[in-house]
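Peer 1: Please find one structure pasted underneath; my questions will follow.
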Amino acid sequence: MRRRGAEEADSPPSEMSEDEDGGGGGGDRWMPDLRGGNGGGGGGCGGRWAPPDQVLENVLESVLEFLTAARDRNAASLVCRSWYRAEAQTRRELFIGNCYAVSPRRAVERFGGVRAVVLKGKPRFADFSLVPYGWGAYVSPWVAALGPAYPRLERICLKRMTISNDDLALVAKSFPLFKELSLVCCDGFSTQGLAAVAERCRYLRVLDLIEDYIDEEEDELVDWISKFPESNRTLESLVFDCVSVPFNFQALEALVARSPALRRLRMNHHVTVEQLRRLMAKAPQLTHLGTGAFRSEPGPGGALSVTELATSFAASRSLTCLSGFRDVNPEFLPAIHPVCANLTSLNFSFANLTAEELTPIIRNCVRLRTFWVLDTVGDEGLRAVAETCSDLRELRVFPFDATEDSEGSVSDVGLQAISEGCQKLESILYFCQRMTNAAVIAMSKNCPDLVTFRLCIMGRHRPDRITGEPMDDGFGAIVMNCKKLTRLSVSGLLTDKAFAYIGKYGKLIKTLSVAFAGNSDMSLQSVFEGCSRLQKLEVRDSPFSDKGLLSGLSYFYNMRFLWMNSCRLTMRGCRQVAQQMPDLVVEVMKDHPDDEGEMETVDKLYLYRSLAGPRNDAPPFVNIL
């Protein structure tokens, strides 16, 4: 899935030169201490010596401190060796888009002052269970290297990594000033690891667990929330809606009560509306709230009424983002009416709602900029969104039933309505079973500011539902009319014509995902030759062979990775790529890891750049050529 790290530059790591001590006196010229010294001192020490090139380097470091964009920093590091050293010493956030693209040792040797690390592991298709279990992306070597190198590290964000409880314990132990931990689509840990972080990271401000997989046995549960020390009153964000196991609600209630800076709280489905109301009373300052189940479990005092819950929402005047609703009782939905007018983000992607249940809510959400929803709302529900949310910037419509032969409840009708009513749209993800070229063309004309367009027609090779023609003209219009487009996902019945459009007009595209599309290797050739900024290419279940793969030989070094799944590749073609491009890592995988012997056809290919060479933790079903 998102920037090429400066850690991939060709220059070797080197150390910054240090100021040399020098005494003032005689006819020597005094030089100020540009590294932060006071320029004077007792005993007649008037200043410090600094050669002219050191002064320039100090000034350069001071300037680079204000340079925050990764692209700008990467460009600065390539100017000359002096700039390379200065940029490395002043970089505070280290982004690694592929944990196997560079070794931990090389990264920490080059960047000496890092305060935050963002690290990504498995390819994005792991989200669709297309990357075999046990493939890799283990965070252990990174944690072991970061600890000694960055004792002042404050923030770690991991995405699609495998992280053990021991890794989390080492994080908590290694960084005494640690403040933020975000784990996105990660696996391998349990409540035991969370307990270590909560207990030992005494300055923790952010603990965000997003779409992680936590495999926990009932007899191994740890009361992790009660491990937050009572002295910790700095918590700003706590997200654990993906942690499916029960937790200590009384401990959470106490934690929320003593956290005046808490702004973001998203809880799992074990939280009832009665408990939700108690938490909201203790944290009226919340701006982001994940409601939990949004259903009632009456206690001794009886069931909570909708009016009582609405009163709690009315008191939460700071709420702008609302999510959760994991086991929603539609009868309680009117309770959120008091905050709808202030909402900028609403996530119903776990709520099985109909158009009739959604419409009264969405009619009040006039400021909405981000909206996620299940396709159960149908085209009628999307029409209500279009008629109300004219300022919408991001829309995601997920399938309730993601199988290829499902009926699906949204179609081209809903998409066209959105394009007509939400013309400021910048990003859309739309799962459906039926689509037309006319609807996609209308979106390209009505929403020219689109940066991300992901249309997922789940049935294989589905044509225009009215004309029976391929979807070529629709996707062609998207790349022609949406001049800011950087991310594109295509599906449906597509021929080489669609990919010729993409190659000709998609000059800014960085990420391209292809599913069940194309009719010859010319499709891949058009993309490789035309999309000059392409970084990530993901292909599944498409008729591309070795010829299409080899057409990219001149372009692979400029890309971050290529993933091909269930295409028509052979070992011979993949070996040819490995032989001609020795600085790339070429991994081939079996669909069934238990299969023995050499395969002639390749089930999965993962090709990526790496300064570290082939990895040493590949499982038996991964063959590195």
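One-based numbering along the chain as shown.
A Cβ is built for glycine as well, from the same backbone N, Cα and C atoms used for every other residue.
Predicted automatically and left uncurated, TrEMBL annotations should be read as such.
The region 'Disordered' annotation in TrEMBL covers 1-48. Look at TrEMBL and you will find 36-47 tagged as compositional bias 'Gly residues'. If you look up TrEMBL, you'll see 53-92 marked as domain 'COI1 F-box'. Look at TrEMBL and you will find 114-158 tagged as domain 'Transport inhibitor response 1'.
Burial and contacts for the listed features, if you can.
Peer 2: Mean pLDDT of the predicted structure over the domain 'COI1 F-box' (53-92): 80.
Under DSSP, residues within the domain 'Transport inhibitor response 1' (114-158) fall into helix, strand and coil as 15 helix, 10 strand, 20 coil.
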Peer 1: Taking helix as H, G and I and strand as E and B in DSSP, count the residues of the domain 'COI1 F-box' (53-92) in helix, strand and coil.
Peer 2: 30 helix, 0 strand, 10 coil
